[in-house]
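Before any comments, here is the structure.
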Amino acid sequence: MDDLFDSIDMNGAPAREGIAEGAVLLHGKALPYETALLAAVDVIAAQAPFRRMVTPSGYVMSVAMTNCGRAGWVTDRTGYRYDRQDPDSGRPWPAMPPVFRVLAAEAALEAGYGGFAPDSCLINRYLPGARLSLHQDKDERDFSQPIVSVSLGLPAAFQFGGVKRKDAVKRYPLRHGDVVVWGGPSRLFHHGVLTVKDGTHPLLGRQRINLTFRAAL
DNA sequence: AAGTCACA
DNA sequence: CGAC
C-alpha cells in the first residue's frame, strides 16, 4: 500500500512518488552516492567491458550491458538467463561494490521492501539513440524480491505498464540520481525506456547509465 | 522478441 | 498495434 501522502522537498517537488501498487520513484535518491557509483562503474567496466548483446531473434540490442555480482543477466541466440560468468571472458563477474548494495537496500527499504540483498546488478549504458522496449523482468527465481533501478547521466523517459503487455503504459521522466523500486503487485509489470535523446551531462557526458539490482539466484 | 517492421 |  502506498503512503497516503508523498513527501515534499523544499522546492515543492515530490521526493517520493508512487507510480503503481508497490512501485515508487525516489527522486534524487542516488545523488549522495554519485561519485562512488560512477567510480565503481569504471572499475567494473575495466574488468567486464560494456557490450551489445544479441537477442534470441538475432537482433543486436542498442543498449550496451555489463554486470557485477554473483550473477549477471545475459542474452544470446539461445535465450535470456543469469550467468555466474561473463560469457565474453569466461571469468566471474566483478564483485558488487559495497556502495551498490547500500544504495539498493536503502532504496528498497524506503519503498517498503526491507532486507533486500541483491545478488546481481545489470549495468546498462545508453548512448543517444539507445532504447529498451517494453518487457518484463521474469528471469529471476524469486518474484517476492523487488527490482531497484538507478538512473545516472542523461535523462530518459521510463515506461511503466501492467502485468499484461496490452495494459496501459504511463511515462515518467527519469533524471540523474533518480531511483525506481517496484515489487509486490507490480513486480512483473512491463517497463521500458524510450529512445534517449542527445545531450550532455556534466558528469557523464553523452550517455545514460542505469543500474538494475535484482535477487536473481 | 529486453527487436524490428508493416500497417492503420 | 500485431506479426514475426
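Each Cβ is built from the backbone N, Cα and C atoms, and glycine gets one as well.
Annotated Fe cation binding in TrEMBL involves A:H135, A:D137 plus, out of the candidates A:H191, A:H201, the residue A:H191.
Across the domain 'Fe2OG dioxygenase' (A:117-217), the prediction's mean pLDDT works out to 96. Minimal Cβ crowding within 10 Å, among the binding-site residues A:W73, A:Y80, A:Y82, A:Y126, A:F213, is found at A:Y80. Each residue contributes its Cα atom, and for A:D137 (Fe cation binding site) and A:W73 (substrate binding site) these two points are 10 Å apart. Among the residues the record lists as binding 2-oxoglutarate, namely A:N124, A:R125, A:Y126, A:R208, A:I209, A:N210, A:L211, A:T212, A:F213, A:R214, the two farthest apart have Cα atoms separated by 20 Å. Counting only same-chain residues six or more apart in sequence, the Cβ atoms lying under 8 angstroms from the Cβ of A:L211 (2-oxoglutarate binding site) belong to A:L37, A:V41, A:F100, A:C121, A:L122, A:I123, A:N124, A:S149, A:V150, A:L152.
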